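Enquirer: First the structure, then my questions, so here it is.
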């Protein structure tokens, strides 16, 4: 590949050639031209950046100062507001406590007045019913005495029961007493019938409790009956058959 040929301009330096005197005059009149130091593009960029950064830093610092001032003002306002709020809350609490205490006092006064009225109303009723109340108390005492009397009666009944049992205990039967009967024929003693003997043998418990035994009967019971002869026994059998 062949490279393209560049266009080149031909410069004629003859046009710019002047006399030596002119050069000398020019050199005397004007001093050597001051050379300007060209700064590299990197340095220019750095300067621009540094300038921008400095401006940004200054703006940031100003904004920060403004913010700090605002914050200080806000904090002062907030502190004042908080103080006022605390004061308001305290005042509200104090007012609520005072109102509650007043309500309690009013209620206590109302209750006390009602109780006084009730006591005044109940006083005449109590005076009227005092006698009946005493009677009622006496009746209560009577009831208590009645309960104690019941207990005493129960104790007495319990004590009397064993005595009755002792009375009911069977006593030894008394032996039949032999009494002489009127003579029927030939002047001989007749023997009592079996029915009479049985009646005499079984006395009633009432009679046993009421009538004490006589000493004669005890002696007769202790002595054995007399023995009879054979003739008397036959006569007794005949009499029982006739009956």
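From the backbone N, Cα and C atoms, a Cβ is placed for every residue, glycine too.
According to Swiss-Prot, the protein carries these features:
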COMPBIAS  35-51  compositional bias 'Basic residues'
COMPBIAS  64-77  compositional bias 'Basic and acidic residues'
COMPBIAS  91-100  compositional bias 'Low complexity'
COMPBIAS  111-124  compositional bias 'Acidic residues'
COMPBIAS  132-145  compositional bias 'Acidic residues'
COMPBIAS  149-174  compositional bias 'Basic residues'
COMPBIAS  197-206  compositional bias 'Basic and acidic residues'
COMPBIAS  232-243  compositional bias 'Acidic residues'
MOD_RES   14  phosphoserine
MOD_RES   26  phosphotyrosine
MOD_RES   61  phosphoserine
MOD_RES   75  phosphoserine
MOD_RES   79  phosphoserine
MOD_RES   130  phosphoserine
MOD_RES   132  phosphoserine
MOD_RES   181  phosphoserine
MOD_RES   202  phosphothreonine
MOD_RES   204  phosphoserine
MOD_RES   223  phosphoserine
MOD_RES   229  phosphoserine
REGION    1-243  region 'Disordered'
Enquirer: If you run through the compositional bias 'Low complexity' (91-100) with DSSP, how many residues end up as helix, strand and coil?
Expert: 10 helix, 0 strand, 0 coil
Enquirer: Measure the Cβ-based neighbour count of residue 79 (phosphoserine), defined as the other Cβ atoms within 10 Å of its Cβ.
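Expert: Result for residue 79 (phosphoserine): 10 neighbouring Cβ atoms inside 10 Å.
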Enquirer: Give the residue from the modified residues 14, 61 that has the most other Cβ atoms within 10 Å of its Cβ, counting over every protein chain displayed.
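Expert: Of the modified residues 14, 61, the most buried by Cβ count within 10 Å is 61.
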Enquirer: Please work out the helix, strand and coil residue numbers for the compositional bias 'Acidic residues' (111-124) from the DSSP assignment.
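Expert: Secondary-structure composition of the compositional bias 'Acidic residues' (111-124): 14 helix, 0 strand, 0 coil.
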Enquirer: In the compositional bias 'Basic and acidic residues' (64-77), how many residues does DSSP assign to helix, to strand and to coil?
Expert: 14 helix, 0 strand, 0 coil
Enquirer: Measuring Cα to Cα, how many Å separate residue 79 (phosphoserine) from residue 14 (phosphoserine)?
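Expert: Rounded to a whole number, the Cα-Cα distance is 89 Å.
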Enquirer: By the DSSP assignment reduced to helix, strand and coil, which category contains residue 14 (phosphoserine)?
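Expert: In three-state terms, residue 14 (phosphoserine) counts as helix.
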Enquirer: Calculate the distance in Å between the alpha carbons (Cα) of residue 61 (phosphoserine) and residue 14 (phosphoserine), and round it to a whole number.
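Expert: So the alpha carbons of residue 61 (phosphoserine) and residue 14 (phosphoserine) sit roughly 64 Å from each other.
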